[in-house]
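Feature annotations, reproduced from Swiss-Prot:
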type: REGION; residues: 1-53; note: region 'Disordered'
type: TRANSMEM; residues: 106-126; note: transmembrane segment
type: TRANSMEM; residues: 138-158; note: transmembrane segment
type: TRANSMEM; residues: 165-185; note: transmembrane segment
type: CARBOHYD; residues: 191; note: N-linked glycosylation site
type: TRANSMEM; residues: 194-214; note: transmembrane segment
type: TRANSMEM; residues: 225-245; note: transmembrane segment
type: TRANSMEM; residues: 250-270; note: transmembrane segment
type: TRANSMEM; residues: 290-310; note: transmembrane segment
């Protein structure tokens with residue numbers, strides 16, 4: 001008994017109080033801790049786990065709410081995500097590099113088309129055996145016209161073949177060869193001086209119109225209705241001339257028609273040039289490089305043929 005009393009008496013002071021406190025901690029129910037004071041919250045002290053209730057589950061945002069500024073995010077480069085993406089999936093004409101690549105591609109194709117056509121015209125103009133053969137066999141002319149019309153409708157009306165390689169280049173090659181044959185055969189009926197003169201006039205006019213279209217602030221793409229009316233006027237004028245031609249040839253009426261045609265397609269050249277540039281009311285998609293080259297090529301060829309009818313002199 002004495003030892004027991006001594007053992008109890010020999011306990012360190014405060015031990016019994018600690019056991020009581022531990023017992024109270026085990027038996028007392030959990031009470032949520034009080035929120036920290038303003039000073040503790042602002043100084044970062046007193047921020048213990050369990051001081052606040054758990055955050056609610058995330059609510060999915062509407063796409064229009066979750067806006068990210070591309071210029072302030074490291075995952076964007078020049079407004080586009082840095083991951084794998086198509087170059088032209090999200091296209092902006094404000095990108096000067098994309099515009100230059102597109103215009104360069106169109107004019108490269110156009111240059112090849114014009115060189116092929118120039119070679120055919122030179123062959124039909126300077127080589128007498130070839131010139132005599134094509135004039136003696138008009139069936140090739142109508143066959144080339146049918147091929148030209150079919151390929152033109154395919155490229156102009158069907159976006160699938162026009163945009164998919166290699167069908168777009170194959171169709172454009174066939175179209176260019178057929179149009180070159182038609183232009184060369186028409187040139188074979190005029191003397192060499194007239195052909196060279198009209199080639200020079202066409203080159204100067206097309207170069208001037210192209211530079212003007214790039215520099216002017218006037219938007220030709222907003223005048224498509226006016227150009228369509230002029231084109232219909234030209235079409236019906238040509239139809240009337242075709243009806244009157246078997247009965248009587250009127251030189252001045254034919255000259256007016258040729259001047260009207262050259263003027264209309266000069267305006268169309270300005271329109272098609274501005275469609276390549278962007279920064280206008282209407283612009284071509286960067287996938288339409290075949291369509292852009294096709295339109296400008298036709299404009300230049302029609303300008304040349306109308307100048308040939310206006311200034312050319314037939315061979316004797």
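Using the three backbone atoms N, Cα and C, a Cβ is placed for every residue, glycine included.
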The transmembrane segment (194-214) and the transmembrane segment (165-185): do they have three or more Cβ pairs under 8 Å, with pairs 6 or more apart in sequence? no
Report, as numbers and ranges, every residue of the chain located at least six residues beyond the transmembrane segment (106-126) whose Cβ falls under 8 Å of a Cβ in that stretch; write 'none' if there are none. 134, 172, 176-177, 179-181, 183-185, 187-188, 192, 195, 199, 276, 289-290, 292-293, 296-297, 300-301
Region pair the transmembrane segment (138-158) / the transmembrane segment (250-270), three or more CB pairs under 8 Å: no
Should anything in the same chain at least six residues away from the transmembrane segment (250-270) have a Cβ under 8 Å from its Cβ atoms, list it; otherwise answer none. 205-206, 209-210, 212-213, 220, 227, 230-231, 233-234, 237-238, 241, 244, 295-296, 299-300, 302-303, 306-307, 309-310
Long-range Cβ neighbours of the transmembrane segment (225-245) (under 8 Å; 6 or more residues past either end): 253-254, 257, 260-261, 264, 267-268, 271
